[in-house]
Every structure is written in C-alpha cells, then in structure tokens.
C-alpha cells in the first residue's frame, strides 16, 4: 500500500497545526518524523491514521481517496509515548485483542500471539497483568499488540521517550530489524536526531506544522536544506553565525575572515548565515586552513566519552564537541578552530546553498 | 555503625496520643465499661458479664432494624453506584459545561443532613410541598407520615439526591485521569463502547469506586438525621434503622447497658463489612493473574 498525503492542512480554532503537507510513503518503508515538541508530528500521525480529519487536503491509499474513512476500517496500528495496554487483561489477551475484534479463529490467534510475543521477547510474560511489568515490558506488549495484526500502516509516536536509557537503546536497535521484510508503512516520530540516524530509512523534518524536508535520513542529515532543519537535525543544534561574502572572501560577523575554497567557492557576494556542527569544531588546530576563534567558556557538559564545551563570543554561544572528558574552568578564555571545509552556507532566505561534501562531514578532523 | 539513642521523639508523639485518647479511646472504653456492668450511680454498679450482649442480640426489634438497615443500605449502593457512574460518563470532558456541572453536582453535598431532611419533609407534604402535591395530583396516594412504604422510599430518595454527586465526582476524577491515548488505541482496535467501558474505564475507576462504595456503605449504615427529621423513625417502625433504634434504647429508655452493648456490635459490623469488602476487592486483581 502506498500512502499519499495531498496538501493536508489542519487548523484548530484559528491556529494552524499542519500547514500544507504533501508526501508519499512507499510500502515497506521506514519513515522518521523528526521535529521538536509541538511541531505537529502527533497531529500528522493522527491524520494519517484517520483519528481526525484534515481541515483540507486528501489522503490516498493506492490512489483511492480514504480521507473520510474511519480509523477502524483502515487497518492501522499505533504505539504511543505512554504505555497503553488494557489494564485488566493479561498480556496474552492484550496482544490478542485486535485479532479477537477482527474475528480471527482461536488457533490462529494463539499462533500469532505466540510468535509476536517471541519476536518482542515477552513470551514468558503472557500470563501477567500490565501493571506487573516494567516500563520496557509494557511498551513491548503495546508494540506486540500493534504488530500482531499485520496492519498496513504502523505509527509509532515517540515510543521510547518514557523508557530509561538502557531499555531505549535496546529497543531502538531492535525496531528496524523487527519491521524489516514487512509491507507495512512505518512512521516513527521522534525529537532526537540521534534516534533518527540510528533508525535510518527516510526522514521528514517537521517545523511549525510543515514538512521542510523529506528524503533518505543520511542525505537529509548531510544536507539540511534550511537553517531550521540544521537546528533540528543536529544535537547539540548547529552553531550559527551571520556572514558576508565580498572581495572573494567570507567575513564572519565575529570579525574572522575565511577564504572561499572548496565547496564555498561558488558563493556570490551577499549576506549569508554560516552553520557548523559541534563535532566539526575542534580545540586543536587540525589543518593549516583552520581559522582560530576565541571565546569564553560558559559551560561544560560531559556526556559519556565526550564533552560539550559552550563558548561565548560576540553575543553568540557555540558548542564544541570534544573527545574525552574535559573540565575547562568557567569564564576561562578558549581558543577553538573552524575548518572552512566543514561550513554549511545558507542564503538570506535561510536556504542551503553550500554543504560540505559527505566524505569530509563523515571524516575525522584530519 | 553507631546508633544514636534519643528518646525525645516520644514527646513528639504525645499530642497525637492525647488527641486520639480523648477523641476515641476513652469514649470507646467508657462504652465497653457500660456494656459489661449495670450502673445505677458511680458507687452502685454490678458486673453483669455478657448479659447485655445476650439481651440485645435476642431482641427481635434489633433484628427487624438490622434487616431494614441492610435492605436500605443495599438499595442505596445499588442505586447510587450505577447512577453515579452513568452520570460521570455523560458529563462533558471540556468547555464551560464542566464547571457548570461541577457546581450543580457539588450543591447537594454542601447541605447539612438535617437541612436535607427538612427540605424533603416540606417537599413531600401533600398540602404545602411541591413534590407531595404533584404526586397526589397525578393520582398517587402519597403520604409519608401514614404510609410506611412512602416514608421508606422518601428516605431513600433523599439519600440518592444527597449523595449520588459524591460518586459522580469520584468517578469523574477517575475518568479524567485516563490518558486520551487509551481511547484512541481502543478506537484503532475498533472496540465497542461497551468494551471501552468494561476494559478501560471500569478498571481505571476501580480504586475510586472502592472508596466511594466504602464511604456510602458506612454513611448509609449509620443514617440517623434524615429519618429523624422526616418522621422520627415512623410511621410505626418503617424507617427505624439501627441508629434510630440505638437512640431509642439509650436516650428514650435510658437503658445504657444494652445501648452500650449494642453500640459495640454496631461498630464491629461496620468494621467487619468494610474490612471484608476492601480485602475482597483489593485481592480481586491479584487473583486474576493465577
């Protein structure tokens, strides 16, 4: 089944929640909806499911208009941020409930419930009540209930948010494998760039009710088409600085001058916004072209084996991702290096005009 | 590890100890004292053992009052709980209607028992009361001061009017705490309204319903003021429930010994029923898993 959204708009009480979204989802595809909280991800999913009608626009399944069709007739399944199971039913009956409502016969129900439970590693919990399970097990049950009925559209609305870090990683790795080799269209909403990259597939970046970019996840990551996309699809958000191109050089608002070389050489004179991801900044001078910048350390966040150093200069704050655990003193002067080969350039309309080549983005600071 | 011993904490418990002693333990012990002795004055008293208990338990008036009480409390629960759940399910979930309904529902709860009795006493009169007049106009021979059934039903209706709101408010709070996602999930499954009620709403309301049933049981089992104001327990003994009967023995006949014995029995019945009910309901969930 191919699901096509045509100019979907949703307004509630004069406020636009979804703004003219058109996209086409292929059978068997894994689609990540990436956006901040309140970007419209959940609303868009609810419209895809048929839980609420769009204000205007059409939803097509294999070319047939299903816009007004109620959700029960659409063969969709949804998994939520909260762990939604029937509280008084055992895990087995919870997983079996959609099949029972479809009128599948008992032997077939048992076979499918067992195999789905095995897939989700909860086969030993079938006799328990949801309240006796851990959060991870409850969410596995909810996912098993969604997967057991061979739906054509599976919607996962930030399913891992309420799980602790370990369980989240565990399920995050399993999910793409679980859903491979199915014809189901999977839509997975998340706020985390890392999660989108790990899940792969295709990625639609949402901002203020609009889908600003839709394509293969890595391609979107390497070419964030708008400044907003770059901010959403980078963690920490991409560092920005205003800049001018004149006399064959790039002048950053911070007073630094960068030569127009490599992917930047095509830039014409005018105003730009320059973006650079935290992991592309370094405290070491990695090559001769690197431009040295100075600022003051505002904050240092240690995350595992890396340190995010927040540096303040010229009224902006940038984040530098450093390998290893560091403890710079707050307020201390810091020098860091910007590699011109790794700059994203956005024009005056915030559209991407130059992105570093993929191999340079992926490469270690050489 | 060195434990620091400090007995000063006991002083902090003292106020609570005094309050509980004065408000509960001493009165209760006084009752126990009366229930096993025949007391004429502080100097003249005789230990009678379980005689008062035997006398009270053999009293057929008590048996009648107990049966009347059980039927009454049963009817109260049987009407108020389903009605309360039903009303809670039909209340609006958002908008201005919510506050309007809350205010309307809370109104009866704010009225004192004896005022409720007076309201219905006047309301039910055939000469000056709207309700009584209307019933007689449509041909019903309604008169609570003469007809035992009418009096009994009036006390029941009074209680339903007064306390169903409590069940509604409790259930409504329970319903509001169910995340919207549950309803969506049920909708996606194609579950019927009955299935949504049976498998989502009812289990999620269980804990508030237990509290509601316990409160209504205890309260209706101890009902005194309303029948007292309406007919004083009559006509005949139609609305003489356990409390009325107790007051008749204790205050009317001044038989303090039997009254004390009866009070203890009364107290134990309520305690026992509440304990059994609570234990059964709270274990119901656990038994399902086996």
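We count from 1, first residue shown onward.
Here the Cβ of each residue, glycine as well, is placed from N, Cα and C on the backbone.
What TrEMBL lists as transmembrane segment is B:12-36, B:70-89, B:96-113, B:151-175, B:227-247, B:259-281. Residues or ranges marked as domain 'ABC transmembrane type-1' in TrEMBL: B:66-277.
Relative to the transmembrane segment (B:227-247), the listed stretch B:151-175 leads the set B:12-36, B:70-89, B:96-113, B:151-175, B:259-281 in CB pairs under 8 A. The transmembrane segment (B:151-175) and the transmembrane segment (B:70-89) are in contact, since at least 3 Cβ pairs between them lie under 8 Å (pairs 6 or more apart in sequence). When Cβ-Cβ distances below 8 Å are used as the criterion, the transmembrane segment (B:96-113) is approached by residues 87, 119, 161-163, 165-166, 168-169, 225-226 of the same chain, each at least six residues removed from its ends.
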